[in-house]
Amino acid sequence: MKIVETVAEIRRELQTHRSKTIGLVPTMGYLHEGHLSLIKRARKECDIVVLSIFVNPLQFGPNEDFERYPRDLDRDAALAKQAGVDLLFCPSVREMYPHEILTEVRVRKVTDRLCGASRPGHFEGVATVVTKLFHIVLPDRAYFGLKDAQQVAVIEQMVKDLHFPVTIVPCETVREPDGLAMSSRNVYLSEEERKQAVILNRALTEVKEQLEKGLLITADEVNRYVRERINSQPLAQIDYVETLSYPRLEPIHHLDQRPIIVAVAVRFGSTRLIDNLLFGGKEESACSGQ
Ligand SMILES: Nc1ncnc2c1ncn2[C@@H]1O[C@H](COP(=O)(O)OP(=O)(O)OP(=O)(O)O)[C@@H](O)[C@H]1O
Ligand SMILES: CC(C)(CO)[C@@H](O)C(=O)[O-]
Ligand code: BAL
């Protein structure tokens, strides 16, 4: 595995591989099994696997955790090598943003709710940096986790709208044995917060069972059920609980429209966790803007 820090170098490295299938796995590092599942899928489907590690300041709000976001490049490089990455692209902030950036990519409507509403500017930061990464690497396929299901919807919309010649591959959420979605931010949790955080997946799993039995009929009923279950944990502070259409992320009333997403963001102390249930659709289709 080669570690590359500059745009010029990654372009040079990839120049001789243009006739092959190039897969990109964009991350912010501090790798866990969720990231590794994306890399392993890319390894199976592509000739060349590029992993990017970049904590993108553009997608963090002024009071968010950009500074304290966990970083460990040595450990990440060892894990990436073991998982079969060919090129690890880990640019500095200066390398990615050498001058004041006057251009931003904004995807409308699908960013109106959920994290788009509770983290203003977040998806403009994501769409802009992903555009930059796509232009730098020119991947044939790019792998994203459905834990960030709104992010997948935003990137898929962007790729379709702007004819990016890349196939987006959404990948299933990888969970801890007790069901908590793996996240780099889980390391922030205290022992007690970690125990209570399992309620996110538990509430969503219960809702899935109820939906399958036809016991919940409206989005309001689903939201109320999930809120009550999450509020049973004294350390949990709900940011949002919403049931929407997917991938358009529009409000729905009755649940006869499919697929739907039940999405949650919950704070435990200063740690904000997200999770979701996608119900009634193909969870792992690939989308292309070609
Ligand atoms: N548990 C998971 N299962 C599958 N994919 C995941 C999981 N966690 C993250 N990913 C995916 O890995 C990619 C990089 O995510 P990122 O580096 O932000 O990790 P993260 O653990 O989600 O961090 P955080 O939760 O702190 O934002 C994204 O496409 C994301 O959806
Ligand atoms: C896609 C991404 C790497 C862009 O910075 C980030 O939002 C993430 O890790 O999900
Ligand atoms: N996984 C999404 C990146 C972020 O929280 O900023």
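Quick reminder: no glycine exception, Cβ is built from N, Cα and C everywhere.
Predicted automatically and left uncurated, TrEMBL annotations should be read as such.
Annotated ATP binding site per TrEMBL: 28-35, 145-148, V174, 182-185, in sequence order. Long-range Cβ contacts of G34 (ATP binding site) within its own chain (separation 6+, distance under 8 Å): G145, K147, T173, V174, A181, M182, S183. Secondary structure from DSSP puts G34 (ATP binding site) in a helix.
Taken from TrEMBL, the feature active site, proton donor covers H35.
The beta-alanine binding site annotation in TrEMBL covers Q59. Every protein chain shown contributes to the tally, and the Cβ of Q59 (beta-alanine binding site) ends up with 22 other Cβ atoms within 10 Å.
Q151 ((R)-pantoate binding site) falls within a helix when secondary structure is assigned with DSSP. Sequence-distant neighbours of Q151 ((R)-pantoate binding site) (same chain, six or more apart, CB under 8 Å from its CB) are C115, F123, V126, F144, listed in sequence order. Taken from TrEMBL, the feature (R)-pantoate binding site covers Q59, Q151.
If you take the Cα of L146 (ATP binding site) and the Cα of H35 (active site, proton donor), they are about 11 angstrom apart, rounded to a whole number. Cβ-based crowding with a 10 Å cutoff singles out L31 as the top-ranked of the binding-site residues L31, L146, V174.
Taking L31, H35, Q59, L146, V174, S184 as the candidate recorded positions, the subset whose CB lies under 6 angstroms from any atom of ligand 3 consists of Q59.
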